[in-house]
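Asks: The disulfide bond annotation in Swiss-Prot covers 63-89, 80-120, 103-142. Per Swiss-Prot, N-linked glycosylation site is recorded for 81, 133, 138. The signal peptide feature in Swiss-Prot is assigned to 1-33. Among the features that Swiss-Prot reports, topological domain 'Extracellular' is placed at 34-154, 214-224, 289-304, 367-381. If you look up Swiss-Prot, you'll see 180-190, 254-267, 330-344, 403-476 marked as topological domain 'Cytoplasmic'. If you look up Swiss-Prot, you'll see 155-179, 191-213, 225-253, 268-288, 305-329, 345-366, 382-402 marked as transmembrane segment, on the strength of similarity to another entry.
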């Protein structure tokens, strides 16, 4: 019995030695091949080759273990023996059958969603290529669409850069308008400024991350701490975007639904929510990522740890949606007896925020359901990139450029500019008439803002909330 056990142990040890020997042979071949190109290979390429070698050697070791440990083919008839083709492991296959499996991820130009095929001939032997007369596996589909995918990736990259560039330009113009025209200053506009500034910062860090980190394989390979810090800042600022949107919803809800406390609003709480709270999920994600999924530069999206960031954002969007729907309910029931102009003024502000919430949140609704198939996946990528990277432009357009107050102020100052610099100097009568019309339109356009002025935190606020205090008195 002892002799039998010794024999079994020796046999097991022998199998292990055979596996190690085969791996050493392949490793030596890889090392010799890489040494021939050493003078021409850069450090990042060597690192990539090393990663590829490790993946192949691991797959080879597991394949040889599987070959020796699995029971023999027990079915009748001819079949092709299990084998390792150099990249993938193939089990026993009945004669006349074409076996297939996913493409490996060893190489950057290989698409793991495509299929590899290996044909077992009717004679029970693996297919041999007619040119080389050697057993052959069909890997051609793995990189058939590589050129198209590289082209798509470049298009998405430029689409992203252009989107954030347009967002930065439009947001800076909007901030310039809000800061230059002092009669627009009020608490609501202050919230707009912070929201816009968070989007500007997010767009800047995104462009830096894409151009200096994601597009720089050498930097990703070295995995410096600075690239992880940039990813941390990026995720933090992304959270700030959505929590400042929540601040917009809370402010409107407090102003309209809880109007009794409207004069007691303190912006400090909004600053803590908009700039402070997103630090919590960002820090938790950073710690969890470093412990459980510490990939290079934290750029991989193939981890559920991202829900640490996305979860609070989705919660903020849902809360905001509830606030805005409640605001609409209050406006419909409370403002029926007020003037139509005042009701419309409120509805415009609420409508702007109500439109933005689903538009900014749809990416997190669609994120888990990425479709399968090359064309469907490509369409999905384009739609998601537009929704994600043109948000700043969308926010600036809805909250500033389409804002009636902003348009009225710009139009008034433009008319004053034309009059001041003699746009109608060719006719004294026309200039006088134009000045009269401009003055009348100015008075009419500012009746709403100048009739009810509010002093909030020492600032004269010509804003729609002034109207609300007047309408509230009708219910008291």
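Quick reminder: no glycine exception, Cβ is built from N, Cα and C everywhere.
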Asks: Who are the chain neighbours of the topological domain 'Extracellular' (289-304) in space, where the CB to CB distance is under 8 Å and they lie at least 6 residues beyond its ends?
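Replies: Residues 213-214, 219-221, 223, 227-228, 231-232.
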Asks: Give, as a single whole number between 0 and 100, the mean pLDDT over the topological domain 'Extracellular' (289-304).
Replies: 85
Asks: Given a Cβ distance threshold of under 8 angstroms, which distant residues of the chain, six or more beyond its ends, lie next to the transmembrane segment (268-288)?
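Replies: Apart from its flanks, the transmembrane segment (268-288) reaches 191, 194-195, 198, 228, 232, 235-237, 239-240, 243-244, 246-247, 250-251, 305-306, 308-309, 311-312.
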Asks: So among 63, 80, 81, 89, 133, all listed as recorded positions, which is physically nearest to residue 142 (disulfide bond)? Use the C-alpha atoms.
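Replies: Nearest candidate: 89.
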Asks: For the transmembrane segment (382-402), I need the partner stretch with the highest count of C-beta pairs below 8 angstroms, choosing only from 155-179, 191-213, 225-253, 305-329.
Replies: 155-179
Asks: Restricting to CB pairs under 8 Å, which listed stretch, 155-179, 225-253, 305-329, is in contact most with the transmembrane segment (191-213)?
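Replies: Stretch with the highest Cβ contact count: 225-253.
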Asks: Rounded to a whole number, how many Å is the Cα of residue 80 (disulfide bond) away from the Cα of residue 89 (disulfide bond)?
Replies: 13
Asks: Hey, which of the disulfide-bonded residues 63, 80 is the loneliest by Cβ count within 10 Å?
Replies: 63
Asks: Whole-number answer please: how many Å between the C-alpha atoms of residue 89 (disulfide bond) and residue 81 (N-linked glycosylation site)?
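Replies: Residue 89 (disulfide bond) to residue 81 (N-linked glycosylation site), Cα-Cα distance: 11 Å.
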Asks: Mind checking which residues reach the topological domain 'Extracellular' (367-381)? Cβ under 8 Å, same chain, six or more beyond either end.
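Replies: Contacts with the topological domain 'Extracellular' (367-381): 113, 145, 152, 156, 310.
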Asks: Once near-sequence residues are set aside, which residues in the chain of residue 103 (disulfide bond), 6 or more away, have Cβ atoms under 8 Å from its Cβ?
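Replies: Residues satisfying the criterion: 110, 111, 112, 113, 114, 115, 116, 139, 141, 142.
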